[in-house]
Amino acid sequence: MTNPSTINILISNDDGIFALGVRTLANTLAQAGYQVTVVCPDRERSATGHGLTLHRPIRADIVEDFFDPKITAWSCSGTPSDCVKLALSSLIENRPDFIVSGINHGSNLGTDVLYSGTVSAAMEGIIEGIPSIAMSLASFSSRQFQPGADFACGLIQQLYDHPLPDSTLLNVNIPPVTADAIAGVMLTRQGLRRYIENFEKRFDPRGKSYYWLAGELVTEIEQPDHIHLPSHIPTDVQAIQHNYITLTPLQYNLTDVASFEYLQTNQWLERSRDIK
């Protein structure tokens, strides 16, 4: 087994620097011997996707007395993706062996990953060629972060000794149960979740209207047969309901290979050239 003290880890999140999830993760990894640096938003930045700060300055400040003394921690005024970019370019001296984003307070399952600042911070690492993991606790009410943090220790060792293919992000969701109630670990495909969007119209004290987004989760929708993996492989949404830790490999290349091949073999391109 590789000595953890030789492995450098950069941790970020979208819940903010003072979130319990990132504190539990960072302290657990540091106490296991890993070299840990934390760079997180200075406040909650959930559902910011892969947004970047382009029109105002980004500020970063050292955070003391919140994490294990062995950890160097920074708060950043930008988005989760800003945090990773700034860390790699300006804040840390040594290129990390891994980037871990989380542990998010709430799941990142199915199409949630498209909106997730947690996943985007990890994806920024993949874009930079660094093995990266996004970790989420699949509940907004539970505070059972320790099982996920403990799992991260072993997962990083495994990925260090047996790396994933390049450009592969591992999206991990942890069921909100005690360690002894976790059913196991399951490799899953990304599910498809949709929400009934409800923009509630409200009025401020000056009588000016504004809108507040609220959403109600719709039961998971099955994906079309041509999308990537056969339906007998469980989705992350299905597996988490049975208390499995889900491992879903993701990538930043969004090319739809099946549709590309369909367009190649059905004279679609030739016909499109005749469109006026």
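Along the chain as shown, the residues are counted starting at 1.
Placement of Cβ uses the backbone N, Cα and C atoms for every residue, glycine included.
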**Report entry** Which of Asn27, Asn94, Asn104, Asn108 belongs with Asp14, Asp15, Ser46 in the divalent metal cation site listed by Swiss-Prot
**Finding:** Asn104
Report summary line: Densest Cβ environment (other Cβ within 10 Å) across the binding-site residues Ser46, Asn104 belongs to Asn104
Query raised in the report: So, in DSSP terms, is Ser46 (divalent metal cation binding site) helix, strand, or coil?
Result: coil
Query raised in the report: Can you tell which of Asp14, Asp15 has the most other C-beta atoms within 10 Å, given these are the binding-site residues?
Result: Asp14
